[in-house]
Amino acid sequence: MMHNGTLSHMNMATQSSTNVVETVNTTAGTSNPFTVFLKDPEKYFYDPASIPILTIAMPIILGMGVICNSAFIYVVIKLKHMHNATNYYLVNLAIADLIYLHIVVIDKVLRYGISPFAKDYGPWGHRPCKILSAFIFLPHLVSEGTIMLFTYERCRALRSTGAIYRQSNKRCLVYIIITWFIAMFALIPCIYFIDGASFTLNWIQDTITHQYTIRKCGLAPISFFGSLTIQCNGLQTIPFIFIAFAIIGLNVLILKALHSSAKLSNKYLKNRTKSNSKRQIALMLIATSSVFYLTLLPYYLDDILYGLNKVGLIPFIKLPKVWIQTGRFMAYFNSAINMLIYNIFSRRYRNAFKEAFCCCLIGKTTHTYSSSSRNSAPNVHENGARMAPMNSDIVHMGGSNTASIDGETICTLNDTSRRARASDKIQEFTIDTYI
């Protein structure tokens with residue numbers, strides 16, 4: 001097999017120099033591949049440390065990602081009480097993760113299995129670069145936009161007072177569609193200039209000349225602070241950086257709102273279940289966004305350092321290969337673990353997964369109890385207070401004398417007994433029903 005046979009040359013390659021001497025055919029319109037003479041071909045083969053990642057870890061991550069993301073989508077589709085705006089955003093995030101994992105893992109494993117050169121895209125055919133780049137960049141941009149949306153919506157809902165703002169499912173779906181279109185539009189400047197070029201690699205070993213043709217994806221040398229590479233890096237990293245700072249700011253506001261809500265609950269409600277449930281969901285979303293950016297930061301750091309060097313802000317810094325490989329692995333791993341984050345931080349999601357996949361294990365939960373109560377008195381509490389809609393996203397204490405759920409006042413709190421009854425009603429709908 002060409003792969004194994006050529007890999008055997010890697011251990012025997014000349015170690016005396018790491019320079020590359022290139023002779024390139026640059027005649028306009030020529031169909032001949034560029035010719036490259038290598039003095040040290042070893043540096044262009046797969047790094048030995050990356051082989052276990054490609055052959056073992058990445059297929060495991062793909063399987064894990066498919067199972068976890070598909071399971072979450074199934075739970076949301078199956079359970080009607082999971083049909084709300086927050087879960088629609090999380091489903092969109094799961095879809096983006098599935099697309100990203102399939103493309104990157106299949107791409108890496110296929111190319112490793114056919115070619116010994118790490119940057120050879122030849123196994124995909126003559127012009128794979130635009131399509132592959134689009135399918136890799138697009139899920140990233142959609143994920144960033146989706147995280148920004150549900151963080152902003154959560155912050156806005158928590159910080160609303162009085163007649164609280166209600167999150168509309170239809171509006172959420174419109175925002176999701178717009179996010180995909182914006183991501184596609186953002187790809188155009190970068191994808192337009194991405195192309196591939198064939199290179200015939202030549203190297204001498206034991207007085208024998210070896211030759212291998214690869215196809216490499218890259219960017220035309222069009223001027224933008226020196227080259228289009230910096231332009232493309234900017235189009236990827238600038239949104240990443242700005243959205244990261246925006247989400248950090250929104251998460252700080254969310255934590256402050258949760259703190260204020262907890263104090264309000266302690267003042268007007270005997271039981272803290274409502275505050276704890278709301279806090280669980282908010283912390284779950286904060287954890288989701290934090291893990292996303294922390295796992296992607298090592299991968300993007302190389303592009304950030306390169307861009308800062310190109311514009312003259314810092315000297316050139318070359319990160320080791322193991323850092324880049326680890327960064328890629330973390331980016332792939334992030335796309336497979338969101339379901340685990342949901343289950344760790346929220347009992348609501350743990351119960352939903354039990355209900356969807358193992359009905360025999362789930363007992364009489366608050367949700368089933370509230371459902372039976374709804375059947376006997378669908379819209380009115382025993383004392384006349386209105387019951388909350390099942391697809392509401394937030395329970396909120398609106399001011400000093402009202403309790404509201406997504407803008408619908410369920411009762412006024414004029415005395416201690418009515419506050420206690422309001423507490424019971426809010427608990428019933430918050431523990432396992434609301435996002």
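Placement of Cβ uses the backbone N, Cα and C atoms for every residue, glycine included.
Residues annotated as transmembrane segment in TrEMBL: 51-77 (among others).
Feature annotation from TrEMBL assigns domain 'G-protein coupled receptors family 1 profile' to 68-342.
Away from its own ends, the transmembrane segment (89-111) comes close to residues 54-55, 58-59, 61-62, 65-66, 69-70, 72-73, 76, 120-121, 123-124, 132, 135-136, 138-140, 142-143, 146-147, 149-150, 153, 172, 176, 179, 288, 332, 335-336, 338-339, 342 of its chain (Cβ-Cβ under 8 Å, at least six residues beyond either end). The transmembrane segment annotation in TrEMBL covers 89-111 (among others).
Sequence annotations record features per position, and here TrEMBL assigns transmembrane segment to 131-152 (among others).
What TrEMBL records for 173-194 (among others) is transmembrane segment.
Same-chain residues lying 6+ beyond the ends of the transmembrane segment (238-259) with a Cβ under 8 Å from its Cβ atoms: 141, 144-145, 147-148, 151-152, 154-155, 158-159, 186, 275, 278-279, 282-283, 285-286, 289-290, 293, 296, 300, 304. The transmembrane segment feature in TrEMBL is assigned to 238-259 (among others).
Residues annotated as transmembrane segment in TrEMBL: 280-301 (among others). Listed by sequence, the residues of this chain that lie at least six past the ends of the transmembrane segment (280-301) yet keep a Cβ under 8 A from its Cβ atoms are 86, 90, 93, 140, 143, 147, 150-151, 154, 158, 236-237, 240, 244, 247, 251, 254-255, 258, 319, 323-324, 326-328, 330-331, 333-334, 337-338, 341-342, 344-349, 434-435.
Remote same-chain partners of the transmembrane segment (329-345), defined as residues 6 or more beyond its termini with a Cβ less than 8 Å from a stretch Cβ, comprise 53, 57-58, 61-62, 64-65, 68-69, 71-72, 90, 93-94, 97-98, 100-101, 104-105, 280-281, 283-284, 287-288, 291-292, 295-296, 298-299, 353. Here TrEMBL flags 329-345 (among others) as transmembrane segment.
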Intrachain neighbours beyond the transmembrane segment (131-152), with Cβ under 8 angstroms and 6 or more residues off its ends: 86, 89-90, 92-93, 96-97, 99-100, 103-104, 107, 121, 124, 175-176, 179-180, 182-184, 186-187, 190-191, 194, 217, 236, 239-240, 243, 246-247, 250-251, 254, 285-286, 288-289, 292, 296
Per-region confidence, the domain 'G-protein coupled receptors family 1 profile' (68-342) (mean pLDDT, whole number): 79
